[in-house]
């Protein structure tokens, strides 16, 4: 009877643990804002329902076997005591067909269906997590919600088909039948395949070096990789052994007695999986300290309890923590390029673009906050690092080996020469650079719920975001402080550059106006004649004076209402 009690206890822990984790996920996350967050939530909802359904079944089975003699319970030619019948798990009910009732059959069917659902959600969750580990990507709110709808419809349609088949078999055979159990064994095989897929994914990411994030020689384990690895370890330790023993006991009934003692431990470990997954997914050092704070020394408790939540802020030399310099990037005409053909050309070009931007982060101590679609959100320690990074990115993008069919697909990928010099080639990336300062208000630092990366919220971050959307492809825009620093420290940068003032740009939601400048590698100064800023308003004041090597001029543009016929250049003494 001890194994029955342990199994029921394990199921109760899993049901309660997963229920609490689901509550935590819905409390702390906007599960509709990210497909990974939604998949985590739905995965643990199914874990909770499955554990509850199996708990109901095992309580009934334990009560029944303690009240029934074992003389008729013949398995493989050998009688078993009634209290050991539970070791056959769901298949035990096949030996008790006369004792089946409707609600017991319903509980078993619900449990089987949730097992099938878990296999579906695990495939999708591993896929999405592996994509995030590889590219730290955020598709943007609209695309994330669209992806969630696709996953919800496809996943639940498959689950409903499985449920319908199980119900049909129960109706035809007046209860749970061996055919339904064969379907459950097939689900075990499917979940084993999902586990193999998870292992292959983790190994692949490790071989590719995505298990660590490296910046300027400082290596840290990727939080998403750790989460994926822990899920894999829990399934490997708690689940695989149970699937193996279940298949063996069904395929070779004569071996059942030899496995009976092992089966008890196998069931306990298997039904603890929900509890173990809840621990590795939802707990941290701070959560443990809070739970046992009455037993923890005051100094340790004080150190942890001052944190905002259960997720510690990333620290280290690679994380720009104080007054970071933000760089926001985006690809010009990316939507139009993705819409051409099947998107393979843009997919290949985007991969090359991503490799260039990520490959240059380490030399310039850059920190990848996240990506949103084709846009990168980065942070640097100094203005010099940020601007040198942007200049080098523009030069490498120009010299990259782009797919041949990319050229001329849209105006933004047209190859442009000025004399003998190529000034545009391949994808054109606009970049905005702005440094955070205390005078712009507090910069709130938090941890992204999925990627585990440090994220920033505040006026400085909002300004950088606006600036990143302002320019045209191939253009680097900076705010006044950046421009002044560059003018005073031009000899410190390895890449020669030119700074030009552009004008002012209003940000109504922040009740402020930016003084915007553009920076370009000196070798690509001819680009200046091609840039047409989109939302810069008139300048009606004395000229800004920054020392530069060539003539200073303004581009004064009103917010466009149609074509760009209203865009024009004015020399330094003119006015708009």
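Even glycines carry a Cβ here, placed using N, Cα and C.
Whatever TrEMBL says is automated annotation, not expert-curated.
Record note: among 228-250, 297-319, 228-250 is the stretch given as transmembrane segment by TrEMBL. Among the ranges 76-102, 103-129, the stretch that TrEMBL annotates as transmembrane segment is 103-129. Touching of the transmembrane segment (150-173) and the transmembrane segment (262-283) is ruled out by the presence of fewer than three CB pairs under 8 A, sequence neighbours closer than 6 excluded. Secondary structure counts, DSSP: the domain 'Guanylate cyclase' (325-468) has 57 helix, 41 strand, 46 coil. The stretch from 38-60, 103-129, 262-283 with the most CB pairs below 8 A to the transmembrane segment (179-207) is 103-129.
Using a Cβ-Cβ cut-off under 8 Å and counting only residues 6 or more beyond its ends in the same chain, the transmembrane segment (103-129) has close neighbours at 35-36, 39-40, 42-43, 46-47, 49-50, 53-54, 56-57, 60, 90, 93, 151, 155, 158-159, 162-163, 166-167, 170, 175-176, 180, 183-184, 187-188, 190-191, 194, 197-198, 201, 224, 227-228, 231, 235.
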